[in-house]
Amino acid sequence: MMLSYILLSGVTTGALYALVALGIVIVNKATGVINFAQGELFMFSGFLAWALHVQFGIGYPLTLVLAIAGGFLLGVMTDRIAFQPLKNVDVVSLVLATVGIAFILRGVARVIWGGKGDYLTFPPITSPEPIMIGEIMIIPQQLAVLAGAVLIMALFWLFFRYTRAGKMMQATADNAKAATLVGIRTDRIYALAFGTGTAVAAAAAVLAAPLTLLYPDMGFSFFIKGFAAAVLGGLTSLPGAILGGLLVGIAEALAGGYIASSLMEVSGFVVIMLVLVIMPSGLLGARRLRRV
Amino acid sequence: MLDIRNLKVSYGLTQVLRDVSFSVPEGKIVALLGGNGSGKTTMLNTLTGLVKPGGGSILFQGQECAGIDASDFVKRGVVQVPQGREVWASMSVDDNLELGAATRHDRAGIKTDLAEIYELFPKLKVHRRRNAGSLSGGEQQMVAIGRALMARPKCLLMDEPSAGLAPSIVADMVDTILALNKRGLTILLVEQNIGVAAAVAEYAHILQSGEIAFSAPAPGLVDNPAVLSSYLGR
């Protein structure tokens, strides 16, 4: 019973990491850059949702939609501020620019939402009473998180498989010069990548908020887990990001449950190190070097 | 149809094209020859908006195009088939071709054009669901040409379509180029293979160190030892 509970909570947090990882992979696939602000964009979108839902009393479904839209805009702004002006400069500058965005977002979040106690609580969308399915105790919010994550992943799959915009993103990631030559506006594709990458993070944040509570420094921890998941999956593979997220979540839950709960925070780092040493291209990654 | 006048391009302090002028008349095939580093690829990249010129003008059907975006060149009907093919290796042949029509919105027209390209290259139809990266060099060249045709170009700029292909495939490529021209397509062909240029083009310009060094009817070029030795270094 202990094991099944641990596995369930591992899968639930893993699904959240998978969403953060998806955002990282989408941006990296299209632009070749790791967006180090992904965690802070996740945090900021969560606070945005909190403001809408708790402060302004907007219903949860509409809050989710608005937070996703807000996340998209934040992503496009990141593209305009940190990526477009620097895309012809070296990668280090680009990465540092995203780190700068991360610090700015954290600072702004502290100014707006800080000083209200250590954590802000986000009311659960489902009944907080645990339910029993057989022997397993489940918090309904966990099911909501799982269902939401699966829905978002399915939407992404459909987007890349069937829409023109999705295919244009894929083409730009594959060969940007060829994309420019057929008339694809690649700078719009980069903006779209940052926008959708952040929109996924926003969706993850709204799903996660009732479980994890909100605090301005939560971004880094989620970024590290999401990044570990993305690295594990190979950095350019969408299914890899999902698989990586679930594995990181489960590993973290097992380490916390059976060894020591203090290990939960470092599990992400351990995964990143192990993957880089043992299989640098990840589980489902392309077998070639990319700029990181 | 395409008039290039006093075109200048520099990368930093290096002048790659100095004062180049020539034209490509409607319905004709014109070849642009030259050795490595002569500025041929820069010329095509400038004529498709990848590189912005430092001076001069590019007139297409009488309209000034110097400095416009790559996507606007495609919309006006000037499309490049790049050197090295540059297909989207991880995407299917179908997707590669369909995205060639990225600037178009007429769904029905795109569908008929796709069918037409599969008629032109029946081999591609067999492999339509395969990833373009898994095809042979000749087949990838067909994908690259088909993708460019999906934009419904009026003028096609081809960068060394024969490079890296087996001689028998090069012969097919020559036939394809002639067939496209017969359908009314104007073609500017950049080549190192002087035989290919002589077989398809009416007129040839030889580019040397960023300048047009010599211009002549193309068919006679293969028999002109002075041209071969002095301009192409053979």
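Heads up, the Cβ atoms here are built off N, Cα and C, so glycines get one too.
The transmembrane segment annotation in TrEMBL falls on one of the ranges A:33-52, A:213-232, namely A:33-52.
Proximity of distant same-chain residues to the transmembrane segment (A:266-286), defined by a Cβ-Cβ separation under 8 Å and at least 6 residues beyond the stretch ends, is recorded for 221, 224-225, 227-229, 231-237, 239-240, 243-244, 247-248, 251-252, 255-256. The transmembrane segment (A:58-77) shares the most Cβ pairs under 8 Å with A:189-212, out of the stretches A:6-26, A:33-52, A:89-113, A:189-212.
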